[in-house]
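Database features, via Swiss-Prot:
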- Cys60, Cys62, Cys75, Cys78: Zn(2+) 1 binding site (BINDING)
- Asp626, Asp628, Asp630: Mg(2+) binding site (BINDING)
- Cys1002, Cys1075, Cys1082, Cys1085: Zn(2+) 2 binding site (BINDING)
- 1439-1503: region 'Disordered' (REGION)
- 1486-1503: compositional bias 'Acidic residues' (COMPBIAS)
Amino acid sequence: MLEINDFNAIRISLASPEDIRSWSHGEVTKPETINYRTLKPERDGLFCERIFGPTKDWECFCGKYKRVRYKGVVCDKCGVEVTRSKVRRERMGHINLASPVSHIWFVKGTPSRLGLLLDISPRNLERVLYFASYIIVEVKEDMLQVAREMIQEEYAARRQKIQKQAEEKRIELSTQLTQDLGGMETAQRSTQRQIEEEYRRLRDEIASEAEQLRERLEELSGTLADEDILFRGVTVVEEGEPINENTLDQLDELVEQELEVLEERRRRDLADAELLTDAERERKAYEATQEQERLQERLQRELDHLMREEKEKLEQLDTLKVGRIITETEYRQLRDIAPGVFRADMGAGAVRELIEKTVNLDKLAEELQAEIQSSQGQRRKKATKRLRVVEAFRKSGNRPEWMILTVLPVIPPDLRPMVQLDGGRFATSDLNDLYRRVINRNNRLKRLIELNAPEIIVRNEKRMLQEAVDALIDNGRRGRAVSGKGKHRLKSLSDMLKGKQGRFRQNLLGKRVDYSGRSVIVVGPNLQLHQCGLPKKMALELFKPFVMRRLVERGVAHNIKNAKRAVERVRPEVWDALEEVIKDYLVLLNRAPSLHRLSIQAFEAKLIEGSAIQLHPLVCAAFNADFDGDQMAVHVPLSRKAQEEARTRMLSKYNLLSPAHGEPIITPSQDIVLGCYYLTMVRDGAKGSGKRFSSIDEAMLAYEKHLLDIQAPIWIRMTGTLSGKSDRPVRELPLAADGTPRMLIETTIGRILLNNELQPPLRFRNRLIDKKGLKEIIADCYQYYTNLRNLSEDQLNEVRASHGNKHVQELARIYGSEMTAQQADRIKALGFRYATLGGMTIGIEDIEVPAKKYDIVREAEQLVADVEKQFRRGLITEEERYQEVVRIWQEATKQTIQAVKENLNPFGPVAMMSTSGARGNINQISQMAGMRGLMSDPTGRIIELPIKANFREGLSVLDYFVSTHGVRKGLADTALRTADAGYLTRRLVDVAQDVIITIEDCGTEEGLWLHGADDDELMEKLQVRMLGRILAAPIYHKETGELIADRNTEIDEELATAILASGQESVFVRSPLSCQAEHGLCRLCYGRNLATGKLVEIGEAVGIIAAQSIGEPGTQLTLRTFHTGGVASADDITQGLPRVQEIFEARVPKGKALLAEIDGVVQIVRDEEGVRTIRIVSTDVYTDEYPLGRGFSPTINHESEVYEGQVIAEGPGGAQIVTRLTGKAFIQGDRIIVSQEDHQERELVVPHNARIRVENGERVMAGQQLTDGSANPQELLELQGREAVQRYLVNEAQKVYRSQGVNINDKHIEVIVRQMLRRVRIEDPGDTGLLPGELIDSAEFRRLNNDIVSQGGDPATAATMLLGITKASLNTDSFLAAASFQETTRVLTDAAIQGKVDYLRGLKENVVIGKLIPAGTGIEKRIERPHEDLIGEMARMLEESQQAEEAPAETRRATPLPTPNGNKAPESDNDALLRARLEELLSGDGDNDQSDAEEEDNDLPAF
């Protein structure tokens, strides 16, 4: 039978309309929710019982069927199935949409998946979906051709008509001109006639006048004229002159002249008339020509216009392609041009139709592949993006048209509840409002379509439906968010998943749990390390069901109901039952914030009075708890397995070492330290000083008789040896009779008392014990008792009896933990006792102000006055003055601290507290007794006005005001830092949550070099760094060459000492950075588990441990640098938390250092403006030599330039020598030497405030730092490769933590850095089927390449990518983990399109779906073993068992193999089983054609 919850992968994909309908139990057609009078769900509404199931268990809507006996009956009256009401949490409905709508995730995401698939820009796609533009969905090709021909015919006819009209007009113009010219001829002749007649009349007039005058003159001839006689105004005879023959001649002359003038005028008039006629004729002819030309132009214009119009229309027809987007105007035009040729539409329906008709994924993939191969730059980038989407659809089996919804699922009503409030009003989930909007608009649209409403109204309603569905899926993604009453934004389905309040983070990754409580904590000084005090009232509530059961079992109550009553009334028997119950249970205590795994530990509960939880003082450090009002939560692990896990793994006494650095975390502190310090102090001159005793017992007797002071130095003879150095004299004595060493030592009673409390192997410690000393005792104790060599068989059997038959290493760990816990408890009791008896307390008298202080202050004031004087005189700048003043006061503060130190009474309580490490440090004492010194202002700049007073003297108002600045900044910084550190931890956990120890050995030959030369004041010593690592190569003695240790040996304390003693200064070790495990890490690359001091176990969640170890001390790091004012030098730009974030996010650092891009020689150049440039010049010279054989002669001259492939010498028979280089040729005797210089230059401009690290002429390597600051890790990766950047990131992170005194093992940082470098970017896909630019896991990449190479194909090439932790988290293989981290909608969109499968390998994804995490005890089921590994291992085991049988009886050791049912089989059966299984596996070799599906189901038992 298949277990429904037992699956090992989960897949997400797009839902088809058929899927949505198959999930549904009915269609929701009404927007109603519940009836306001009956308060029952409306039929066919959003809460309909017929669709979603009954609201009451086993009862139908109308009440016809009630009770469980009708289970499964569907009521014939109301249609409701009689079943449990909880089906309303799982039954879905659906809405049939009247018009398809797009799913906003696939439209508005970046990049728009729908847009990429259709090759439409997101803006255009949006215009189509929201009814602003049309998209062509169909073009009828045959009709298109007909339309083209019709247009061509129409325009041909129009051209013909225009040409015909133009011809007619031309003929008309020509005729008109001929007529006009003829008329002009006639008019000209008529004018000539008129002129002739006129002149004839004038001639006649002159002749007639002349005749009359002649007659008169003839009459008067011979007489004198009595007046002037005139002819036409000209005097012929003046008055008094005689009239004679001459007078007549004169008259004739005048007549002749007159006639000549007249004739001249006649000729002129005739000529003028002719000229006028000619001009008119020419004008007419010209006008006619112009008109003809105009006509011709107009004709041409009209023809051109027609041609253009025709061309445009034909072009528009040509652009009628399916998928083209057109505006409303263009649509109308095209519809007029080519009616019936095409169909265009708007909205999601059009897009869906387009996808169904045009998208052929296989063909599209081929086209895009070809384009990627042939194109460059932006086009290639776009094609790759498109291909990624196309391939996702192809491989996943999703259909692209499913991105457009035709059916909308309605989620179960109990997931969008509606509840009645006190006042009778209802509170409802926002989803109901959003669904109502969809249903209302959908119903309205259906009605409009039925009524055949105008297109514009239907279109508007479709757009509104699209917007309603958008708001339901992801409100606010497009346009204004839909808001409900009170203007609050309605929470859509996407909002239900996103963010801290979303489904993933609020309900799946963290839940509120039952059987828990919380209370204030108080100290429990009398508890043992594995105990806590639980208030009785609280315990009774937590264990109520168990107590009730126990009461029934004991017969105190007859049934559960009575038992419950007894518990509620708190009868005396209840406490006895509670005592019994609580014996078997451990409880978990948790203090928020849970920054690391030690924030939750298991304890045995001791019932106490009162209401506060009592906590053991030594576990406070792990919880980071104090007793100033802290609260803690209690949880009860319920199941047997949970209890067992709590007991074996979480009990506080088994969590003594910090997983971050492997040192004890239960170190005594405060009072305990003070008590032990007081106890081990030596006070010369105290009562009984210098006395001698023959034994410890004798000395103790003297002390008890009050003859000795507890701190008096006394001499004692004792047997045994000293543990560590002694701070008092020691004299060795002759050995005792049994050979034990003896000595005479100076010590004190206090030290004897302390040593009496130590385990025997840890004695005798004859020195002042401070906090560090106590830490050493705990560490030594754990180390001694967990080392198998120090344990006897009896001790191991003792553990076996109580903890079962476990592995000896595990038994040693348990024994060591228990012994250390006992030791810690004894020290605790001793410390508390003597802190009390010592009576050390601080009074105001203990704080003495040193007399020197006032001199120091006066001196400093004088120096400051001198500096001010120099500044006023202009000898120094304002900045220099400030720096000098700050320096003077810092020096004065330093001197004051020294003075306070010297002035302290070493036996005074203040000094004891400080020097023992119990509380406080010299700086704080100095603020009380010396001077407070300089303060920082809110920006972090130091205020140059110091506080010269101390708290003993009291601060003035100004002092107090100045000090508030720094204090306030400190508080604000702490608050900010906490949030930042929390977020950093979250990102680290996310990036490393799937790093689990999955296999024994990945078999890699790679590793990490640890160099002793790297030891500096910040880095740990080599001895510490190599502890717990596994050797990656054999290590030999430097001088003798003998093998010290082989590969894959764990370096423990002894081996580390031996390696250093052999003179080796560097060690090649395995590291998580180089682990080749396909999933998680292997045991050997990780090495020692720091929390146990033993090799890490399979199933350990080392990724999370690493993240917690780095994140937990994050709050201790400073937030920003305190600048000492002025320009910060580049090396102090970022420190503390921001620097850690910078490192793990792989950002370009602030104050970035310049790196050398090539190997070469440095030249530092400064231009006129003072800008510095570093030039790196690299000159490589290559030479090639060509010997000249017999008969060969050069064809070039000495020192001539030659190029590659040039003939440089010829020999007999046309033989030639050709050069392989381009450069200069030198002829030297019988050979030619060609020399080529490869010259490279790089110039880098140095920022004005950067300090240059290199000298002029210095040789540098690529990737070397040229200026101060932090290197950009991306550049480092490019220039020096993966190993350099790994080393850099680990060292940089360590520098930040170590500078703050935080100790973290390198291993943890390496785990994170490995995750940052896990991806590679494909450059050339080869035959792998990957896409260029795709990010892929490096293990997956190696596997694909190996498969391809084994099949004879071309492998892919790729570049290592360095991703920041946020990006790396989002790029994880698990979509559940990525979606629950950040950018939920984007992750789910991508995953759905790709049909991603989550194999549930990490922790988060298993927590999300509610399965046990594949770590710790949850991994046994999960260990994946490849087929070949299994066969190999079985073969090896078979061989071993055979060897064992052949071996002599005394050397034979039984190593029975667990059979599948967990029992141990007898040896012979075991062999038979192995052999049979092995043969079965090997026989399957020849017949290896099982389908993949069969192979997956054929799970092998995990042997």
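Placement of Cβ uses the backbone N, Cα and C atoms for every residue, glycine included.
Swiss-Prot feature annotations superimposed on the structure.
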| residue | record | Cβ within 10 Å |
| --- | --- | --- |
| Cys60 | Zn(2+) 1 binding site | 24 |
| Cys62 | Zn(2+) 1 binding site | 14 |
| Cys75 | Zn(2+) 1 binding site | 20 |
| Cys78 | Zn(2+) 1 binding site | 16 |
| Asp628 | Mg(2+) binding site | 5 |
| Asp630 | Mg(2+) binding site | 17 |
| Cys1002 | Zn(2+) 2 binding site | 20 |
| Cys1075 | Zn(2+) 2 binding site | 26 |
| Cys1082 | Zn(2+) 2 binding site | 22 |
| Cys1085 | Zn(2+) 2 binding site | 30 |
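Note: the Zn(2+) 2 site is recorded as Cys1002, Cys1075, Cys1082, Cys1085; in the same chain, Ile999, Asp1001, Thr1004, Arg1070, Pro1072, Ser1074, Gln1076, Ala1077, Leu1081, Arg1083, Leu1084, Tyr1086 also have Cβ atoms within 8 Å of that site's Cβ centroid.
Rounded to a whole number, the distance between the Cα atoms of Asp626 (Mg(2+) binding site) and Cys1075 (Zn(2+) 2 binding site) is 41 Å. Excluding Cys60, Cys62, Cys75, Cys78, which define the Zn(2+) 1 site, the same chain contributes Glu49, Phe61, Gly63, Lys64, Tyr65, Asp76, Lys77, Gly79, Val80 within 8 Å (Cβ to the Cβ centroid), listed in sequence order. Taking Cβ-Cβ distances under 8 Å and a sequence separation of 6 or more, the neighbours of Asp626 (Mg(2+) binding site) in its chain are Cys620. Ranked by CA distance from Cys62 (Zn(2+) 1 binding site), the binding-site residues Asp630, Cys1002, Cys1082 have Asp630 at the top as the closest. Among the binding-site residues listed (Cys60, Cys75, Cys78, Asp628, Asp630), Asp630 has its Cα nearest to the Cα of Cys1082 (Zn(2+) 2 binding site). Comparing Cα positions, Asp630 (Mg(2+) binding site) lies closest to Cys1085 out of the binding-site residues Cys60, Cys75, Cys78, Cys1002, Cys1085. The Cβ centroid of Asp626, Asp628, Asp630 marks the Mg(2+) site; residues of that chain outside this set whose Cβ lies within 8 Å of it are Ile521, Ala625, Phe627, Gly629, given in sequence order.
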